[in-house]
Amino acid sequence: MKGYLWGGASVVLVTVAQLVLKWGMMNIPLLSLADINVQFLTMYFVQLASVMCGLMGYALSMLCWFFALRYLPLNRAYPLLSLSYALVYLGAVLLPWFNEPATLLKTLGAGFILLGIWLINIKPIKAS
């Protein structure tokens, strides 16, 4: 059970990190390193902080993942990472600032990912 908690924490952190990174990068103009100055840093502080928080989220997710691997067999742990694909899709569709459309095919794809994770992680039926 401990391994699944660590794995779940890793999935949540990587999902939030991906969404926060996307928001930050959507709101920072494309520019070169020569364009970065104090005015730019103050003008886009929230967006840059969002990107930094996303990167820290990835690092914390990796730390949680190390603990998940310690307690779970790899063939059960690794598919848990796929949860983030479905959760990021859900976040991108539901959160208004991303404005991404939900389509039947994308939703079915996310559903199949969840079904696959469930099939891999269910307890086998013992023959009597």
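For all residues, glycine too, the Cβ spot is worked out from N, Cα and C.
Keep in mind that what you see is a predicted model, and the values were worked out from it rather than measured.
Checked against Swiss-Prot, the domain name for Ser10 matches that for Leu69, so both face the same side of the membrane. Contact between the transmembrane segment (11-31) and the transmembrane segment (102-122) does not hold: fewer than three of their C-beta pairs are under 8 Å, each pair 6 or more apart in sequence. Within the chain carrying the topological domain 'Cytoplasmic' (69-77), a Cβ under 8 angstroms from the stretch's Cβ atoms is held by residues 2-4, 6-7, 120-121, all 6 or more beyond its ends. The average pLDDT the prediction assigns to the topological domain 'Cytoplasmic' (69-77) is 89.
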